[in-house]
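Data block below; observations after.
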Amino acid sequence: MALRELKVCLLGDTGVGKSSIVWRFVEDSFDPNINPTIGASFMTKTVQYQNELHKFLIWDTAGQERFRALAPMYYRGSAAAIIVYDITKEESFQTLKNWVKELRQHGPPNIVVAIAGNKCDLSDAREVSEKDAKDYADSIHAIFVEASAKNAININEVFIAISQRIPVVDCGGGAAGKGFKLRRQPSETRRTCC
Amino acid sequence: MEEEHQDREQPEIVRCSEPQSHCSPDDTDSLKAAATITLDNTSPAEQGCGTEDPPPCKLDALQEISSTNGPSEPEPEPEPEPEPQPQPQPQGPGGEGPLEASSDQGKVGAGEENGPSEPEGPAVEDDQPENASDSASTDNTLEDSSEFVVTVLARGSLEDQGEGPSSELSEASSPAQAPAPSHRDEDVTAESWRRHRKHVFVLSEAGKPIYSRYGNEEALSSTMGVMMALVSFVQSGDNTIRSIYSGEHGTDEHTVVFMQQGPLVLVSVSCSRQSEQQLRSELLYVYNQIVSMLTQASINRIFERKKNYDLRRLLAGSEKILDGLLNLVDSDPSFLLSAVHCLPLASSLRDSLSQILQKAITPNLVFSILIAKNQLLTIVQEKTVIEDARLEPADLHLLLNLIGASSAFQAGEIWTPICLPLFNPDCYFYAYISYLDPPDCTVCLLLLSTDKEAFYAVADCKRKIDEGMRTQNALRAIAKAQSYSASQVGVSDLRHFMYKPFDVPDNHRQLTQFTSPEMEAPYSSEEERTRLLDLYRYMHSRIHSNSRPLKLIYHVAERETLLAWVTSKFELYTCFSPLVTKASAINAITKLLRWIKKEEDRLFIRNPPKYSTTPNPSKSSRGGKGGPDRQDTTDNGFLSLL
């Protein structure tokens, strides 16, 4: 089975749950007292997608401002970016918009963007309405989910959606193509990650 | 060799300075009465003090600002805008002992080298314009702050009620022992907040709070404002405030130490009875830990651009690292000795670990460090780098603290910029951090590169190291390694010791190390440990006293007898059971030294190996990675670093 490496980076404000999402996806566990990420944390997970193996090379970046300037190092060469906000913090949604802008300006041209509103288990404290977020995501052709790392809601789904949107290997454009036919890929077409 | 015998505990430390500054209780209507701010010239002219103990601050009395004692009263000239007005102690007269402050001409305290050599563009951006969120939230109004300075400076007088005039070192340690889980949420007006053994505050020159060890900085903004007022008040007289001593002798002495480092002001308020020098060096650690996250160049640049910048924005999420540092400083003698503690390991095992590291190299890799249980296993370094600069113990302490303070490293592989302030305060290294035994997370690998983009290459080194460890079954061997017990020395009355050799075999550029057994009974409780450490700190301050350094101290304390000895070859602190005689203690030390000599291959990293990632590998390098990627090494990283 062909193996593709997909570099994915997570961006977003500090404390929105980027690491928790990754932790849930990779280890299927959740730690409510997780420490803030320092720099960036690199993890991998391989999942089967149709008749391919997708190895996600995940860069979980720190949301703290002091690491802000490092972000390009991580999103450069990424096939996809998951930008996370916290549905209970309006401010984190504003930060998300800045990230989108930054990716548009400096990110790879065909990067698949996914927007994840984390902590949807806390809908009592919601500050960002699902519809607004969805509308915004649609306007930029991004994948959109509301997720909960804590309750394992829509975590795997984001990654699956990314797998779906990733263009067929060695194609130039058409990033948003959905449901394309997958061919068996010769192994030398592995994407390098940087 | 100077030897002295002392039967009592150390109260003389303070006593000596006391007579100079006794103010009568009714003088308490202003700072003038309560405090003696003495400006000393740092030149520690030998005190003609009757007692053997040096006074905590040397009163060279060049100038005195508003003092009750001392002859000269030169113009307390500029009454600068933020007049501190530190208020009479509300506790009423007499309650508060004399306050003395010493400071010195010029910026001696703050100077401490660290000249901001111009920046090497650190990667962290300092001033994000889009973040208009830089709040004016903490406007430090100086006006309403007077009550706080009283809180801080005089908090002793409240505390002493509980304590008798006992002068035991241990007393000082008891009150603030148990660290509450959530220091940030502490009520800063509460009595328990005041009782903490050692507070540390960091603020900007504009008086903006940056960090407080206990309590929320925001809530402390007026306290910090007052601190800044004190600093700038003294500064306006072309002077630098260094410290304030307060409290009645023997009951509740507090030492307030000020240190200015560039645009940051650090303040320690302590009743730990540590020497000013020791507290100052701890503050320097705090400063350096901040620099390790941001670099000195960028801190300076930020404040040049915007004086009232709220640095907490950049340190957000890093408070834990500073908290961890301060806890470590209090509990780990490495900081006191400025030396690294390595885990005792059979030299053959250590050598093979080093070889594993040595074989896994890549261009621009500069240090490979293996850590277990927060102690050093081995360190391997790039040859050219180490010829020109050395890794200072302090830098390593900061790294160890960083790793110990956050569980963030236990997931995945971390890639983060980090500055080693003593190596170069203005540049970043890029650190690869990963545990080698994932679920347990005891053995940690730290690879430092100068190349920001080198993650994948460095991660590759880790895989080689993983493999090497596996084939040699090294992890299991490491797991068995442990510290030793003082009883293994075979000297009956010896309870504990700390030995720091100066006679390094290889060359003087080697990492300074020390060795020390586990603290065992009667020092198994945390309280007792702190007490022993306090005794060591006391011995250390005597040995390293500025005004009257000693070479040998034999100190009979209440529950143990200590002997400290410094020679050109080593520094040694020993702790014996109380009934040991002087002769037998000396005898024991001879035996101890012999034992250490015999064991030194196991206790220390004797010959830290080196590798070369430069094109012409020398004998010591045996790069696992020959070939093309060795080529381009020199241009990139360390040239800019050196």
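Backbone N, Cα and C atoms are what each Cβ position is placed from, and that goes for glycine too.
Automatic, uncurated: that is what TrEMBL annotation is.
Copied over from TrEMBL:
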COMPBIAS  B:1-12  compositional bias 'Basic and acidic residues'
COMPBIAS  B:111-122  compositional bias 'Low complexity'
COMPBIAS  B:130-140  compositional bias 'Polar residues'
COMPBIAS  B:165-181  compositional bias 'Low complexity'
DOMAIN    B:198-325  domain 'FUZ/MON1/HPS1 first Longin'
DOMAIN    B:364-465  domain 'FUZ/MON1/HPS1 second Longin'
DOMAIN    B:494-600  domain 'FUZ/MON1/HPS1 third Longin'
REGION    B:1-145  region 'Disordered'
REGION    B:157-191  region 'Disordered'
REGION    B:606-642  region 'Disordered'
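In the domain 'FUZ/MON1/HPS1 second Longin' (B:364-465), the DSSP tally of helix, strand and coil residues is 34 helix, 36 strand, 32 coil. For the domain 'FUZ/MON1/HPS1 third Longin' (B:494-600), DSSP puts the residue distribution at 37 helix, 29 strand, 41 coil. As a summary of secondary structure, the domain 'FUZ/MON1/HPS1 first Longin' (B:198-325) carries 58 helix, 34 strand, 36 coil according to DSSP. Summed and averaged per residue, pLDDT over the domain 'FUZ/MON1/HPS1 second Longin' (B:364-465) gives 90.
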